[in-house]
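**Student:** Below you'll find the structure I mean.
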């Protein structure tokens with residue numbers, strides 16, 4: 001295989017968006033397809049891969065399910081983040097006209113990113129375990145009424161034809177990924193020279209009392225530390241143990257961050273640092289504008305796209 005620098009695991013089949021993102025994030029590394037996020041994590045834990053690439057959030061679909069629940073017990077440390085614009089293709093058997101398609105198969109998160117397109121075309125969305133896996137299924141069925149939404153690479157690998165490009169509901173459709181490695185493999189303070197600054201990801205368990213969240217976040221505001229993300233979830237199937245996944249633009253060892261963490265520690269039940277890693281240069285530079293299909297549809301609101309989605313004003317290209 002030549003001079004392979006390492007192996008990075010991802011959830012999905014070859015040609016999945018996570019496959020493409022893994023190749024971007026770690027050029028020169030071998031990629032290891034895995035059937036689930038848990039399997040990708042275990043590949044790192046048991047020495048089959050050096051890192052795992054895990055999607056954590058998307059600008060259209062929001063939080064990626066499972067990741068917040070898997071990370072606390074993964075025995076891995078976050079060592080990086082990667083952003084990738086997601087541009088979906090509608091894929092079908094060669095020679096299939098768009099009008100013959102009835103059902104579109106793709107990953108549930110991808111379905112959330114193409115809701116308006118499916119409605120405009122009168123197509124039924126069907127969940128599949130993976131975008132590239134959906135392309136494999138469509139190719140194996142040989143049914144022109146079935147299509148997949150996946151990357152163009154997934155279509156090429158499975159002998160499918162691109163019926164439409166950029167079918168995502170907004171031009172800024174972007175997924176953020178965590179890069180995770182074994183605990184101790186990367187020293188969390190070893191990225192001090194990161195040119196764009198540092199990020200820290202925390203898991204915080206708070207008390208279930210009035211004003212708890214306000215008290216926990218107050219230290220970050222007081223000391224000027226920017227929090228870019230906070231997601232709540234419940235621990236252990238209980239509704240009285242609120243936990244929060246937080247991403248912060250700072251790192252332990254910096255005076256402002258140390259002061260904020262000290263204040264946080266006085267108001268919460270527990271704090272755990274999942275990783276300190278370089279801040280991506282992509283932050284703040286997300287693309288704007290409409291995808292190709294919506295730009296074509298909006299000037300006259302005529303065929304082939306038809307009327308706008310229910311509850312949406314004609315010509316409005318924004319996603320709620």
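Backbone N, Cα and C atoms are what each Cβ position is placed from, and that goes for glycine too.
Those TrEMBL annotations? Automatic predictions, nothing curated.
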**Student:** Per TrEMBL, which of 249-284, 285-320 is region 'Disordered'?
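**Tutor:** It is 285-320 that TrEMBL annotates as region 'Disordered'.
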**Student:** Give me the non-local Cβ neighbours of residue 175 (site 'Essential for prephenate dehydratase activity'): same chain, 6+ apart in sequence, Cβ-Cβ under 8 Å, ordered along the sequence.
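**Tutor:** In sequence order, the residues whose Cβ lies under 8 Å from that of residue 175 (site 'Essential for prephenate dehydratase activity') (at least 6 apart) are 17, 21, 55, 57, 58, 59, 64, 83, 84, 86.
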**Student:** Tell me the coarse DSSP state (helix, strand, coil) of residue 175 (site 'Essential for prephenate dehydratase activity').
**Tutor:** strand
**Student:** Going by DSSP assignments with H, G and I as helix and E and B as strand, what are the residue counts for the domain 'ACT' (201-278)?
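**Tutor:** Residue counts for the domain 'ACT' (201-278) by secondary structure: 24 helix, 29 strand, 25 coil.
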**Student:** If you average per-residue pLDDT over the domain 'Prephenate dehydratase' (7-182), what number do you get?
**Tutor:** 96
